[in-house]
Amino acid sequence: MQRYFTSDSDNSGFFKQMASVLEDPTLERHFKGHKDAVTCTDFNPNRKQLASGSVDKSLMIWNLAPKARAFRYVGHQDLITGVQFSPSGLLVATSSKDRTVRLWTPTMKGKSTVFKAHTAPVRSVAFSHDGQRLVTASDDKSVKVWSVHRQCFVYSLTQHTNWVRCARFSPDGRLIASCGDDRTVRLWDTSTKHCINCFTDSAESATFVGFNSSGTCIASSGADSSLKIWDLRTNKLIQHYQVHSAGINSFSFHPSNNFLISGSSDSTVKILDLVEGRLIYTLHGHKGAVITVAFSRAGDQFASGGADGQVLMWRTNFDRKSYQDVLQQHSQRSTPDPAPHLTDIHPRTPHLHRQQPSGIQISPAVADTQSIDPDVIEFGQSVHSTTLLNGRTHLTPTQAAANGHLSNGLSARNRASSGVGGWTGDESTSRAKSGASVWTGGNGGGRGRREEEDEEEDEDEEEEERGQTYPLEVLSAPPSSLDSTLRHIVKQLDILTQTVSVLEERLTLTEDKLKECLLNQSQILKDVQSGERRRSQETDGSPVHFT
């Protein structure tokens, strides 16, 4: 954080500049309870809870009241990739690499419903803004929509040609945005189920996508460390930021649409001013990749989680006053921020925003008493046990960390200890260059099938540490005939995936028709029974003549 030095006679200037400092974001609390990297976070709309998912396969619900207990929910069989509260706050949806989606009740009962969602790992899950639908994205190259009330599949969207990393509903529910390893961002019409636009200017995998609160813009981030914003009214790129030194794993719009936060494998959280089109803050709180960031629904708080297993909760502060007041206070700083880009003044034109060297660097320290580790109540059976797959022993996340490697490919040497401060820009730069902190788990950041190769390398290293060796096969480049055969197989698999999606839709329609028939039959039976009762009553009530 910037420090200001004044003489004793300059008290007025000192207090003006301290007033400016009070508008900087501050670290309010940190939560420790996960046993491995934190992959996703979300605030409850009731402002009383914060949810986080992890590589340790557990969902944590942090109650924000001081000294309140935290809940740990166990049920997924693999790492959790996405989490989101329903608009009512009464349900929590999680997606997982175990190919399922779960709907949890965030209470002491800890009940959950399982959707067998996809034929490959599920990378994201999100509610529609009315809470009636869920949208999921998967490595099976499809986006699927589900009914929350009926808890069934509705339809799928299948034009991506590689793994789909993220999918989100627009605020009005009329559109779905998705992105993936095919380097495209697609826009879908939920009424026609058609792709109505495709943005293809990504240099590498698109890792995350999201709408602003008004639904007029979408943003996408990439493994190439870029962040782009498109105006949906003109279908044009209006802003392009290149402020991180490694891939961006997650971002979140402020509800006012004036700000955006992003988390990256360079170990930093960046805060962007979207009105002026510039970087205003760089936050150093995590040791290792920052995998997830999320604003609260009111925008007064935001959370970040990363490879160090910590969840940090920040107080926004910079959104307290009107935008003009914030600009006026920024002008009073001892080192004023640079003037905005001329091309940001309306009408805007696409241009690249590079990192400003005068951006404010904040290395926080927790100063409150609320960050004492809360008591954790655990629900469900523990899944931290060694499993045997294909006759070979695979380590659980906890065991793998003890042997020096994380299950998602992150080196344990790059994980954090429990501390928050002490992380410098030089360390994050070197770590980003070495590639050790690149996240390839829940929210993406890798290059599709490269993940499996990294996992196999980690497995081989683990086996050597345990003293086990396996023969290695050295393969030359595949011949052209084999290459063409493999391409043909991939095409056939794509056709099979589309066929399965069509069958799922038809089964859903058939199920609806059967339910309708059963309801009609039930109503007819009730009508017949009521008619018979009326006739019997009329017969019983007829006068009896005596002679």
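Note that Cβ sites are derived from N, Cα and C of the backbone, with glycine treated the same way.
All TrEMBL annotations are machine predictions without curation.
Per TrEMBL, the feature repeat 'WD' maps to 31-64 (among others). Per-residue confidence over the repeat 'WD' (31-64) averages out at a pLDDT of 95.
For 73-104 (among others), the entry in TrEMBL reads repeat 'WD'. Listed as Cβ neighbours of the repeat 'WD' (73-104) (distance under 8 Å, sequence separation of 6 or more from its ends, same chain) are residues 36, 39-46, 49, 51-61, 110-127, 129-131, 134, 136, 138, 146, 148, 151, 378-383, 397, 407-408, 441-443.
Remark: secondary structure over the repeat 'WD' (115-148) totals 0 helix, 19 strand, 15 coil, with classes taken from DSSP. What TrEMBL lists as repeat 'WD' is 115-148 (among others).
Panel annotation: around the repeat 'WD' (157-198), residues 120, 123-124, 126-130, 133, 135-139, 141-145, 204-211, 213-215, 218, 220, 230, 232, 235, 443-444, 446-448, 494, 497-498, 501 of the same chain, lying at least six beyond its termini, place a Cβ under 8 Å from a Cβ of the stretch. Among the features that TrEMBL reports, repeat 'WD' is placed at 157-198 (among others).
The repeat 'WD' annotation in TrEMBL covers 199-240 (among others).
Sequence annotations record features per position, and here TrEMBL assigns repeat 'WD' to 241-282 (among others).
For the repeat 'WD' (283-324), residue counts in helix, strand and coil come to 2 helix, 19 strand, 21 coil, using DSSP. Sequence annotations record features per position, and here TrEMBL assigns repeat 'WD' to 283-324 (among others).
Here TrEMBL flags 402-480 (among others) as region 'Disordered'.
Residues annotated as compositional bias 'Polar residues' in TrEMBL: 402-417.
The compositional bias 'Acidic residues' feature in TrEMBL is assigned to 452-465.
According to TrEMBL, the feature region 'Disordered' maps to 528-547 (among others).
According to TrEMBL, the compositional bias 'Basic and acidic residues' annotation covers 529-538. In terms of DSSP secondary structure, the compositional bias 'Basic and acidic residues' (529-538) contains 10 helix, 0 strand, 0 coil.
Mapped onto DSSP classes, the repeat 'WD' (73-104) shows 0 helix, 18 strand, 14 coil. Across the repeat 'WD' (31-64), the DSSP tally of helix, strand and coil residues reads 0 helix, 20 strand, 14 coil. Sequence-distant contacts of the repeat 'WD' (115-148) (same chain, at least 6 residues past either end, Cβ-Cβ under 8 Å): 78, 81-88, 91, 93-103, 154-158, 160-169, 171-173, 176, 178, 180, 188, 190, 442-444, 494, 497, 500-501.
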